[in-house]
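Data first, discussion second: the structure below is written as structure tokens.
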Amino acid sequence: MKTLVIACVALVLVVVHGEVIEEVNEKQLQESVEEKYSLLQRLEKLDEAITAEENRNSRVRRCGSKRAWCKEKKDCCCGYNCVYAWYNQQSSCERKWKYLFTGEC
């Protein structure tokens, strides 16, 4: 009889202890998820800011008073062509002579 009571008490303690541990684990998991989610949001904001900065720096200037560096004709404004210079291996926007007389792009 004592053995049966001890076994029942042990079983109840194991079940109660398991539920307590499960609740603690759920709370820790929830806190961990919230912490990681907030960290992920901060990282995404930083990534967006860095990408925006890179995009701003990589844009080609158009229609400046000085020569603008270009990669293709579409990087230059109306009346300019993207001309490659062999001496510095770079292309820049230069005014078309035809535009001076006709005004067409």
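Counting begins at 1 with the first residue displayed.
Glycine is treated like the rest: Cβ placed from N, Cα and C.
Residues or ranges marked as disulfide bond by Swiss-Prot: CYS63-CYS77 (among others). The Cβ of CYS77 (disulfide bond) has 12 other Cβ atoms within 10 Å, all protein chains considered.
For CYS70-CYS82 (among others), the entry in Swiss-Prot reads disulfide bond, with the evidence type experimental evidence.
For the recorded site, CYS93 (disulfide bond), the DSSP three-state label reads strand. Residues or ranges marked as disulfide bond by Swiss-Prot: CYS76-CYS93 (among others).
Annotation source Swiss-Prot lists disulfide bond at CYS78-CYS105 (among others), citing experimental evidence.
The signal peptide annotation in Swiss-Prot covers 1-18.
The Cβ neighbour count for CYS78 (disulfide bond), using a 10 Å radius and every protein chain shown, is 11.
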